[in-house]
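Asks: First, the structure itself, so that you have it in front of you.
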Amino acid sequence: MIKNYLKIAWRGLIRNKGYSSINIVGLSMGLAACMLIVLYVGHELSYDKFHGNADNIYQAETEMTFGKDPIYIPYLDYSEGPKSKISVAGIEEYLRYQKISENVLVTNTETPSLKFSEDNILFADPNFFEFFSFNLTNGNKREVLINPNSMVISERIATKYFADADPIGKSLQLFGNMLFTITGVAENPPSNSSIHFDFIMPISSMLRIEKYKEDIEQGYSNFTTLFLLDELADPKMVEASLLNSIGKNSGDDLQKKYLLKPLRSLHLGEDWAKNKYIRIFPLVALLILILALVNYASLSTARSTTRSKEVGVRKVMGAPRKAIAQQFYFESALYTVISFVFGYFLCLTTQSKFFELLGVEVDKAFIYSPEMLLSLLLLLLLTIFLAAAYPAILLSSFKPIVVLQGKMSKQQGGVALRKFFTVFQFSISVVLIICALVMDRQLDFFRHADTGVDRENIVMLPFSGNLGKHFGAFQEEVSSLSEIVETTSGILPLYKGHNMMSAQSDTGDEMIFLPTLTINKDFISMMGLDWAIPPKDSIAQMGNKSAVIINQAAVARLSLKDNPIHQKINDRYEIQGVLKDFNYSSLHHKIGALSLFVKNDPSYAWLEQGGVLYAKVGPKTNIPTILDELKIIYQKYENEQPFEYYFLDDVFDSQYKAEDRLAKIFGAFTGFAILIAVMGLFGLATFTALQRRKEIGIRKVLGASVENVATLLSKDFLKLVLLAICIASPFAYWFMDKWMENFAYKAPISWWIFVLAGVGTLAVALATIGFQSIKTATTNPIKSLRTE
Amino acid sequence: MIKNEQSLKSNQTTITMIKITDLKKSFRTEEVETLALNGVNLKVEEGEFVAIMGPSGCGKSTLLNIIGMLDNPTQGSYNFAGHEVGGLKESQRTQLRKGNLGFVFQSFNLIDELTVFENVELPLIYLKMNKAERREKVQKVLERMKIAHREKHFPQQLSGGQQQRVAIARAVVTNPKLILADEPTGNLDSKNGIEVMNLLTELNQEGTTIVMVTHSDRDSHYAHRVINLFDGQIVTESQNKPMKSMV
């Protein structure tokens, strides 16, 4: 029986190629989109699950409350880990590691040409590979990090530096002249690990490196510290006893607390449901699946009018309703399985692009993992179940005398429901179009917003203390390049961070964290910052340590007088001038209070810890050439730290990466939704034309023109699309209004966006239906009237 | 099917196949109620060949549908071989219909996606007969209908006459007690029409009861008895002398 069903389904598929391909293409695309999202969400949710102790590992974090604002520091000091293990009940084991924040030059001593700047470098406790479940392909878990000179590298690094040779026992040179002997090779950390490493060295070796040693000895070190808790231990209790045992010594008015974050929550945050993508994506996947399914149901029931005779005959032959329903179920299953196979290929071929768009990396091993294959199988079963249900119920309900005698009324063909489906599909498409347009406007607004800063053509070159010692010479050499218009310096790159200082408000009852920029005197003019109250002395004379400049927001935040010149912050820093507010961080937030310390030290001693050179490039400069020139100068003064540069406007734009991705993905999904809806509409128009052949034949015999008929056929559909636009617009407005709440500075949601979306949709719909309508309208009526 | 056969055998003392008493059927739309059948009384004995005639809209097809258990009467009784059919649920009617009734339609109603062989095989599949038995029966009936050489073809590759022969093969493959034919020659030219009528007569001579709706005087002459329907009522009944097969 099943064979019979599949046979007839297969023949139907081959005979109605147009119909079948619309149906299968639509469903495959929907399924492919769904699969991609299943993979993405599955990957996000699987982070760090592969560790054997995953559920009992917690990362310690310090919460410090200062005045009103708590700040969170995800590190403990060097000594706090071991102390906790001894004195806190419930902690079975600890692990500390520190990732080096700057790039480090690594050299293969045997082949010095193999020299690269690397950034995945960790110092860790020797139990790293026992604590976690990263696999070693070479070396003993317990022993690889015992010796202070030992080093474990990842497989990709082993290949990079040693090709096919066995790296065990060989050495790599780091931090100038330190040699580390490779004792183990680890499998590359999987893409769903929140800990990434290429080089791991024992913590003990840090004590041999001056700059790390100092921090550790003075108790200012920052180590990511994880605890393995007893299965029965209550993390809340452990948090409390941590405070009692290691939190005592900080005597100042900081309120300190320790928090334990489950390892499994590190990637998505404690409340993963709040993560934007993880929340939106399954919804989008479901939406696209529904679109594809609605499309399928709509097309299959439209075709039902041509299948009704078969149903009638089968029933007369003695088929019970169940058997008919079963038959159509199998038929849908066949279509779904075919679509699924196509969809899977589509998914596999597009996954790398999709993940690139999302800015994530997903291992092949994960994509083909049994868990994911099982999820996809579930998706297949769900799709079969949903795709088949409605057509099977509808088609099996046909009464044989009605269908065999051609008395099938339109209602029985599910016309009303198909109308609903069409409206539904187009509503979703229109919502997506409007959202995509609004997002695009907002991003455009960000990129071109006047933030009070001249962002054009400014390149930032960060440098370390090595170069800082010769900063004057370096700057001079850069300034002498003909393409460079102006230079200045600061401690941190703009938009990439700032320091904080604690400040007491003028009323004295509140402590606030006041963001701080430390800059050279030319910074203000070069960035085009405007004064609200200019300083009395020229800026050049302001270089003394107690002078400060603040912005207008700081005047308000610190409850200062309207003209606060010569007022003091913390009884120490005398205000010299007030700048108009400018955006020094992203436009997500309102401009906050800011203080600027202006340096005017010709020896540039303040840059000896490292800093940033800001260089303004002339407008018509060849960028690659000038970057090469800058690199050459940089390398004269610095041979350890690799050359890095950022363009100020790129850095500014990159603050909206999340929105940019969301917009791109929305764009892709919108395309999908429209394509599916259009294919569905095309299919429906075809069938309607077929159904109304006779009516149209009669109309033409009675004198209707081609335009009359084409209008008649198109009008009904266009009405539905128009209705969809009306339904969709308020929803879209609501969604976007909500989304805009994320930003302090917004582009207006203007009326023309809605008009554009509406007109665009109508045009696409008209083009889709028009072809069919004209084809039907130009058919010779004799043809359509003669066939029964 | 076996169950049905047994139940029919137990009723073989009565040789009445169809007994219809005061049958009424009305169709209701929102505003109008149309009485399609208004008090029809009809008896058909086993082995009879009955033709139902009458102008368009007189209720012929409605009557045939009710006899064929595709539709339920509004009022009155319909007894098929000892079973009261009026008031049965659709699934029960399907059960009773299976294997006992064969249908032949004016427009053949073959399934386009199935081959000749598969179309004929269809009722046997719903009777859950095994494959070997099905093959044997289908081949036999196809040979009998002189269409066996076309068994792998699809309906649209056949002429109208051939299609109707396939449809008849499908109707008789289960050895039904009763064949219901709704204008079986309506879509055929006269040569093919006569061929089809000869086939039906042959089947009738072998013992199958036939009830046929027709417009054609020529066709009605093949029947033993002609019933004339007008406005939902039987107006005349006439006995024919059985004709010999015409060639």
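The backbone N, Cα and C atoms fix where each Cβ goes, glycine too.
Bear in mind that TrEMBL entries carry predicted annotations, made automatically and left uncurated.
According to TrEMBL, the record shows the following:
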DOMAIN    A:20-242  domain 'MacB-like periplasmic core'
TRANSMEM  A:21-41  transmembrane segment
TRANSMEM  A:280-299  transmembrane segment
DOMAIN    A:283-398  domain 'ABC3 transporter permease C-terminal'
TRANSMEM  A:328-352  transmembrane segment
TRANSMEM  A:372-395  transmembrane segment
TRANSMEM  A:416-439  transmembrane segment
TRANSMEM  A:665-690  transmembrane segment
DOMAIN    A:668-781  domain 'ABC3 transporter permease C-terminal'
TRANSMEM  A:717-736  transmembrane segment
TRANSMEM  A:748-771  transmembrane segment
Asks: Below 8 angstroms Cβ to Cβ, which residues of this chain, lying six or more residues outside the transmembrane segment (A:717-736), approach it?
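Replies: For the transmembrane segment (A:717-736), the list is 419, 422-431, 434-435, 438-439, 681, 684-685, 688, 749, 754, 757-758, 761-762, 765-766, 769.
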Asks: Could you check whether the transmembrane segment (A:416-439) and the transmembrane segment (A:372-395) come into contact, where contact means at least 3 Cβ pairs under 8 Å with the two residues of each pair 6 or more apart in sequence?
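Replies: These two segments do not touch.
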Asks: Six or more residues out from either end of the transmembrane segment (A:21-41), which same-chain residues have a Cβ under 8 Å from its Cβ atoms?
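Replies: Same-chain contacts beyond the ends: 277-278, 281-282, 284-285, 288-289, 291-293, 295-296, 299-300, 335-336, 338-340, 342-344, 346-347, 350-351, 354-355, 358, 360, 362, 366-367, 372, 375-376, 379, 383, 387, 669, 672, 675-676, 679-680, 682-683.
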Asks: Taking DSSP states H, G and I as helix and E and B as strand, how many residues of the domain 'ABC3 transporter permease C-terminal' (A:283-398) are helix, strand and coil?
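Replies: So the counts come to 103 helix, 0 strand, 13 coil.
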Asks: Treating G and I as helix alongside H, and B as strand alongside E, what does DSSP give for the domain 'ABC3 transporter permease C-terminal' (A:668-781) in helix, strand and coil?
Replies: 96 helix, 0 strand, 18 coil
Asks: If you average the pLDDT over the domain 'MacB-like periplasmic core' (A:20-242), what number do you get?
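Replies: Averaging the confidence scores along the domain 'MacB-like periplasmic core' (A:20-242) gives 88.
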